[in-house]
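Colleague: Please see the structure below; I have some questions.
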Amino acid sequence: QKYSANHHTPFPSDLAFLSEQVAAACGFRGFQAQAGILNYYHFDSSLGIHVDESELDHSRPLLSFSFGQSSIFLLGGLKREEAPTAMFMHSGDIMVMSGFSRLLYHAVPRVLPNPEGTALPSCLDQAVSSDLPVGSVVEHSSDEDWQVCAKYLQSSRINMTIRQVLAEGQKFPEECGTNKKSQAPFEDSHHQENSRTKRHKANTD
């Protein structure tokens, strides 16, 4: 992906709050959610091996939230040829890549039906409490909206990764120069290495 000081939108406040709470619980106080990527997978989707390295501050963790169907996640080493460790990622799982693991190669070779044997994982099939705490990131949705989401998640997986791009007080290099347009945007190996990622057209039926 590419990051640019000239192309950004405000980060959703509720997702930022959730991410910062998760990061703090893992010992990363002061984490700032500055960028998010949504990956949509179907059962025939995969994500090729890559490293998330275009963030300017690699000392901050990368948070990964999974919803819907399960997947196999491969976590490799600092070199592409190192043998990876395979693990399951299920709905509701949160992965935190930090420290040594922050710049490890990783991939998603396969999406699998949720192991409970039901169309939706139980964590997504539970009614939301009607008495939510003040400031909760959970909001009630209409039954109609949830049915649309639930139908999609019966055959799909959504993965959301949250990153801090800049260290505190750090700015993009193009902000320091006199000619912002002459600066090349940042790019990591994600899109260079994701040739096996399958793109799907929306079903218009």
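Residue positions begin at 1 at the first shown residue.
Glycine too: its Cβ is placed from the backbone N, Cα and C atoms.
Taken from TrEMBL, the feature domain 'Fe2OG dioxygenase' covers 29-166. Annotation source TrEMBL lists Fe cation binding site at His50, Asp52, His106. Taken from TrEMBL, the feature region 'Disordered' covers 172-205. Among the features that TrEMBL reports, compositional bias 'Basic and acidic residues' is placed at 187-205.
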Colleague: Tell me the residue counts in helix, strand and coil for the domain 'Fe2OG dioxygenase' (29-166), as DSSP assigns them.
Modeller: 19 helix, 49 strand, 70 coil
Colleague: What same-chain residues, at least 6 away in sequence, bring their CB to under 8 Å of the CB of His106 (Fe cation binding site)?
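Modeller: Listed in sequence order, they are Ile49, His50, Val51, Phe73, Leu74, Leu75, Gly76, Pro84, Met97.
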Colleague: For Asp52 (Fe cation binding site), what is the tally of other C-beta atoms lying within 10 angstroms of its C-beta?
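Modeller: If we count other Cβ atoms within 10 Å of Asp52 (Fe cation binding site), we arrive at 21.
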